[in-house]
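Undergrad: Have a look at this one.
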Amino acid sequence: MRAEGADHSMINLSVQQVLSLWAHGTVLRNLTEMWYWIFLWALFSSLFVHGAAGVLMFVMLQRHRQGRVLSIIAVSIGFLASVTGAMITSAAVAGIYRVAGKNMAPLEALVWGVGQTVLTLIISFSRILATL
């Protein structure tokens, strides 16, 4: 999928290109393109983490009468909350880059997107340990 930018340049919005990092040598100049690349990395890294946690919960609670349903609900709510936060923080990072007049390399988008998921994990575990 391609979108037309305000300066009549083409913005690449291909999920396959973002996830495979095909865009070596190119830079992300547009706010939409920066946001999209950062958000997709945050989305798929969060999906991986929540998928692994969901499988673990499902296996550990398979004999529990309501455990399977509770694990699906918990993973769904956690995933939706992290994706909502990723939308906002990805837009903030892209906006800061755009206002500063900087371009973003595709690898920087990877670092920002996966970094959001790692930071979410660290904050989540620190909150759980504080309640024990």
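Going from the start of the chain as shown, residues are counted 1 onward.
Glycine residues also receive a Cβ, built from the backbone N, Cα and C atoms like all the rest.
Reproduced below are the annotations present in Swiss-Prot:
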CARBOHYD  Asn12  N-linked glycosylation site
TOPO_DOM  1-37  topological domain 'Extracellular'
TOPO_DOM  59-68  topological domain 'Cytoplasmic'
TOPO_DOM  90-104  topological domain 'Extracellular'
TOPO_DOM  126-132  topological domain 'Cytoplasmic'
TRANSMEM  38-58  transmembrane segment
TRANSMEM  69-89  transmembrane segment
TRANSMEM  105-125  transmembrane segment
Undergrad: Could you break down the residues of the topological domain 'Cytoplasmic' (59-68) into DSSP helix, strand and coil, giving a count for each?
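TA: Counting residues per DSSP class in the topological domain 'Cytoplasmic' (59-68), I get 4 helix, 0 strand, 6 coil.
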Undergrad: Return the average pLDDT for the topological domain 'Cytoplasmic' (126-132) as a whole number.
TA: 79
Undergrad: With Cβ-Cβ distances below 8 Å as the criterion, list the same-chain residues six or more beyond the ends of the topological domain 'Extracellular' (90-104) that contact it, or say none.
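TA: Sequence-distant neighbours of the topological domain 'Extracellular' (90-104): 27-29, 31, 34-35, 37-39, 42, 112-113, 116.
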Undergrad: Report, as numbers and ranges, which residues of the same chain sit near the topological domain 'Cytoplasmic' (126-132): CB under 8 Å and 6 or more residues beyond its ends.
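TA: No residues contact the topological domain 'Cytoplasmic' (126-132) from elsewhere in the chain.
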